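For reference, Swiss-Prot has these:
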BINDING   392-399, 438-442, 492-495  GTP binding site
COMPBIAS  99-209  compositional bias 'Basic and acidic residues'
COMPBIAS  216-229  compositional bias 'Polar residues'
COMPBIAS  231-246  compositional bias 'Basic and acidic residues'
COMPBIAS  247-261  compositional bias 'Basic residues'
COMPBIAS  262-275  compositional bias 'Basic and acidic residues'
DOMAIN    383-552  domain 'tr-type G'
REGION    93-288  region 'Disordered'
REGION    392-399  region 'G1'
REGION    417-421  region 'G2'
REGION    438-441  region 'G3'
REGION    492-495  region 'G4'
Amino acid sequence: MTDVTVKSLAAEIQTPVDRLVQQFADAGIKKSDVDSVTQQEKEILLAHLNREHGSVPNKLTLQRKTRSTLNIPSTGGKSKSVQIEVRKKRTYVNTPEAEQAKAEEQAQREAEATAQKIAEEKAKREAEEQAKREAAEKAKRQAAEKEKVTNQQTDEKTKPAQTDKARREAEAAELKRSVEEETRRKVEEDAKRVAEEARKMAAENEGKWPEPVAEQTESADYHVTTSQHARAAEDENDAKVEGDRRSRTRGGKATKQKKGNKLSESKADREEARAVGRKGKRKPSTLQQSFNKPVVAVNRDVVIGETVTVAELANKMAVKGSQVIKAMMKLGAMATINQVIDQETAQLVAEEMGHKVILRRENELEEALMSDRDIGVEAAAEHRAPVVTIMGHVDHGKTSLLDYIRSTKVASGEAGGITQHIGAYHVETENGMITFLDTPGHAAFTSMRARGAQATDIVVLVVAADDGVMPQTIEAIQHAKAANVPVVVAVNKIDKPEADPDRVKTELSQYGIQPEEWGGESQFINVSAKAGIGIDELLNAILLQAEVLELKAVRTGMANGVVIESFLDKGRGPVATVLVQQGTLNKGDIVLCGFEYGRVRAMRDELGRDITSVGPSIPVEILGLSSVPAAGDEVTVVRDEKKAREVALYRQGKFREVKLARQQKSKLENMFANMTEGEVSELNIVIKSDVQGSCEAICDSLEKLSTDEVKVRIVGSGVGGITETDATLAAASGAIILGFNVRADASARRVVETEGLDLRYYSVIYSLIDEVKQAMSGMLAPEYKQQIIGLAEVRDVFKSPKFGAIAGCMVTEGVIKRNNPIRVLRDNVVIYEGELESLRRFKDDVSEVRNGMECGIGVKNYNDVRTGDVIEVFEIIEIKRTIA
């Protein structure tokens, strides 16, 4: 036989050549695609594959459908026909044991057939030999008898003739021929009879021998009976069920039958009947076998996100929601079916119910989007300009100092002369470029100062030499320490006569800011923003500190940064001031910024000039975002705008879910506070501001004004002008509208006039907070104080038919007025509190009696007045309360 190559063998068995070569290698035979393969190597490969994969058991699936029609009687004496289709399916598996048994049975049948054939041939030969012997013996007997007769005739006739002798010879030959034919015919008939009997016996054996084989094959399967027996049993059962049904529908009592049927019902049927109730109808007969398939608990792979409702968790496990709630109650957690639970709780519940939990990270898309960025890893990091944040107390000269550095008039443009935004500027000096962030110093702008400290490299702490350390100065120190950034102290207003730089050093040393000359690490520079003293020294100190820090950044690759400030411009849309920290931001880049996304349509520097690209440590205004981002959000340049949109929408939904979950969460310790919440007055406010940072600062400041009696509720807040939507929201919620550096449009003013809303404009945050305090003070419940205005001593008691007991009194102090509340004191103990009903002097009714005069006093509904009692007259005074 010619050897075949590996390539031709692969084509013959329809498998790739590489895979066949690998299989030969796994079997210990090294082959290439052009090598030949012998029969022995084929057998080695086949044995290896059988060991590796095993032989697949042969399966045989039989399906059978039987259709029948049943006439079921119904109400009204009519019967209806119901088509019934019974589907049955059996699978027979040909296991190796069954194959071996079948082979043994086949060998046994072949051996028996061979033995039978040998027995038939032997019987045939014996029958033929017996027939020949019998025929020979018969012929001999006939010949002997004939010879005997012939001898007798010869003896009787001593003279036979020659003709008689010839005739006798002819008769003897004829007799011999007839005997031989008779013998041959009998032998053939006997052989045919024996062969027919052998065929009948073989046919009977073939009908008898397969029965035990079939029974063994059926018993090897998981079915109890053969298909014929099962069909007979099913037909018998169907006939029995139909007979029972007809016996029930005939109208007879059949109490024993009903009782037997009730006993034969399964537990599940009884529970279902109990769940339906007594009013439900009797469950109709299902006309099926009473065998119920055993139920096995299915363990599923449950995929759980960061949050999931109880109903969703039940659907994932394919169970009822009540079962999940029961499992949670066993674990000590109470929940409703629509309540949102966290990932850990859902994992505990699912594992308790026997399922496998797969925790899903819902921010996989975000991680994939962030990983697919060109961040310029191969490029070397270069030196970058330091980001310097100017911090300090309000009115200590931060903006004026920066104004002198930039040689512009920024401070004069701020309302009230105080900074209310974060200003981002970069300036070119002789020694390099510096980026400045100017933060507000007012107490309301805590979060804005914290944002400035997080995005900065160096903090310049401005302290007035004549004012010293103030509350916002301490807060700025805390922000700088929290951000772990070095501090350069600028002692401002050094040109004033009352300036005391040493006092500033002493006060700052108490908060961990030690001067270099005292052994510390902070540089103290004496400056004057008005006179320009020490400005160059301050810049050199900043650059020296930056050189020590060795600030570096990668200029190539996709940019990322932070939002310093954001606002809504009427003509340009959402505008965000971004400080680039890594990479290069180009016009047309796709950016993901917190909850917002977009393509950079335009970029402008702090002077309003259009630019196309910007590197690290440079602030820039970008246009093109989907909405106004929150200040402090991280800005990242990505590749795919569609994925950026999906990530932004996911973040918005996640923020909304967390917010709702936080609102729904009710703790036991807040129960009493929630019960008394209805007694608290609420001041609803709608706030619109020019920039996001100011809006956030105002909301925080107003919410801190809330007390136990008056609560400030921010109904709506946003960036941009006051629109008709804002006015409608304020009208629906009964809120006042506060505009900070923004104005209302015509449609909003029309709604304000129609609804009579309170609309106020502000440009300084001081005024806004003070007026909100006044509005809250007007909502406070007034305080009432009791002020004693007179005392009268009872000298005698008279009886009056109209008023009862009348006390004759002497006014010892103050004034006694009629219809005022009084107290009756006996031994300095209040025994009665009521109202002065009658006041007379010399039988005349008077409205008041002054000190040192006598009078008669009638107390309403009180007659137990005695001599020596003291009547105290007082009045209730309302005291107006204010918010501290």
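Backbone N, Cα and C define each Cβ position, glycine as well.
LYS398 (GTP binding site) falls within a helix when secondary structure is assigned with DSSP. Counting residues per DSSP class in helix, strand and coil order gives 0 helix, 1 strand, 3 coil for the region 'G4' (492-495). Neighbour count (other Cβ atoms within 10 Å of the Cβ, all protein chains): 17 for ASP395 (GTP binding site). Annotation note: GLY392 (GTP binding site) sits in a strand segment as assigned by DSSP.
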